[in-house]
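Some features that Swiss-Prot has for this protein:
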COILED    453-498  coiled coil
TOPO_DOM  1-37  topological domain 'Cytoplasmic'
TOPO_DOM  59-65  topological domain 'Periplasmic'
TOPO_DOM  87-97  topological domain 'Cytoplasmic'
TOPO_DOM  143-169  topological domain 'Cytoplasmic'
TOPO_DOM  191-194  topological domain 'Periplasmic'
TOPO_DOM  216-260  topological domain 'Cytoplasmic'
TOPO_DOM  282-297  topological domain 'Periplasmic'
TOPO_DOM  319-325  topological domain 'Cytoplasmic'
TOPO_DOM  347-350  topological domain 'Periplasmic'
TOPO_DOM  372-390  topological domain 'Cytoplasmic'
TOPO_DOM  412-416  topological domain 'Periplasmic'
TOPO_DOM  438-500  topological domain 'Cytoplasmic'
TRANSMEM  38-58  transmembrane segment
TRANSMEM  66-86  transmembrane segment
TRANSMEM  98-118  transmembrane segment
TRANSMEM  122-142  transmembrane segment
TRANSMEM  170-190  transmembrane segment
TRANSMEM  195-215  transmembrane segment
TRANSMEM  261-281  transmembrane segment
TRANSMEM  298-318  transmembrane segment
TRANSMEM  326-346  transmembrane segment
TRANSMEM  351-371  transmembrane segment
TRANSMEM  391-411  transmembrane segment
TRANSMEM  417-437  transmembrane segment
């Protein structure tokens, strides 16, 4: 007979009360690192035309644009390796230490892009050095977003995880706005000729002081409550093992959590393809294909992104009330239905209609980004959360990162300006399947962690809800038993009379 593990009833002392001050510091530090990651993406996306001329001067404009965007996409090949590396270390040594390392690598590699001489100076080594810097970024970013989202999720109260997690992608959008704004400002001040000569380097130099600030904030943070609980549960022998070797079983991840892996991959693909299409490819699309000036296209995207900043936390707040799944499903349906109308407006050559088309895509994107950072960490238990999420996330981003290059190639090869819309419709189907099949995670404790609350009163309410849920399950079981008793009685009455 199997021995069942004795289960202790949960008490008020088992509920983790989250310190507001520590929570604010965690969100600030995590969001700043994410902002710096997307600052680079924003800068790179908006100076792609300049980089094409600096590093690929012999090609025609279309090839220059595709080559520059390809350099943006290639580092995504290295991100899964970074995700696996930092994911294992994050589950082994903790989240805080890894986030300090990733921001250092990211800021230094971004800064170094600004130091690379042009093709005219060092020839083929210029694009090679650019690619190496981008690959270093890709390696560090492989552990950045997943680590930051886990850090915020493990610090957040269960009832506010959606709202708190939404600030992570608020940082992404803010970083993008800052990067794009810096490009426009410098380009306007120094003029296009000077910008191509040396002005494009300045935005990359800004990454270093941002990285120093981020490192200071992250270094001062404490480890997350959920990971600390995991360590505290280990016996001394296991504690030593945690320091000496990884406790991550990729067999367990692949066999026991494959549904969560697929849900994670689907959600990240839907979110990031839309993200890169709108925020990285659209500036090039507007300038190269629709012949708007670079500054004009950038200003439209910046205005859209500023609007997204206000919508982002609202989506997170609403997801705490209505759940994460409705937003994924609603966003996917809207993306499928509105992709073609949005691009018809974008191709109208009327500034107001262009803005309306981009705004439609932006609101749809907010449906995904508002819930992603709170949804993904809740799919996996504490002891494998970083490794599993980093692996799934970066495999997905590997696909999504090809979006700018693939979209540019599709438009150039087909001469059909609606190709990006068709691409988004395919992605919308993936998002819809994911939203329908994924489990709801809102207002529930993270797997492998005790409930988390903002204060004692909320902790008592959580215990009350837990009690009511158990009572409801008991009632359901009693009902099932009663129905089985009725079925049993009917079967007994149907016994054939073999003694007559």
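Each Cβ is built from the backbone N, Cα and C atoms, and glycine gets one as well.
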Sequence-remote partners of the transmembrane segment (195-215) [C-beta within less than 8 Å, at least six residues beyond its ends]: 29, 32-33, 35-36, 39-40, 43, 47, 50-51, 53-54, 100, 103-104, 106-108, 110-115, 179, 182-183, 186-187
Among the ranges 122-142, 261-281, 391-411, 417-437, the one whose Cβ pairs under 8 Å to the transmembrane segment (326-346) are most numerous: 417-437
Among the ranges 38-58, 261-281, 298-318, 391-411, 417-437, the one whose Cβ pairs under 8 Å to the transmembrane segment (351-371) are most numerous: 298-318
Chain residues in Cβ proximity to the topological domain 'Periplasmic' (191-194) (below 8 Å; excluding those fewer than six residues from its ends, i.e. six or more beyond): none
When counting Cβ pairs under 8 Å to the transmembrane segment (391-411), the leader among 170-190, 261-281, 298-318, 417-437: 261-281
Per-state residue totals over the topological domain 'Cytoplasmic' (438-500) - DSSP helix, strand, coil: 38 helix, 2 strand, 23 coil
Residue counts (helix, strand, coil, in that order) that DSSP gives for the topological domain 'Periplasmic' (191-194): 4 helix, 0 strand, 0 coil
Taken over the topological domain 'Cytoplasmic' (438-500), the model's mean pLDDT: 80
Number of helical, extended and coil residues in the topological domain 'Periplasmic' (282-297), per DSSP: 12 helix, 0 strand, 4 coil
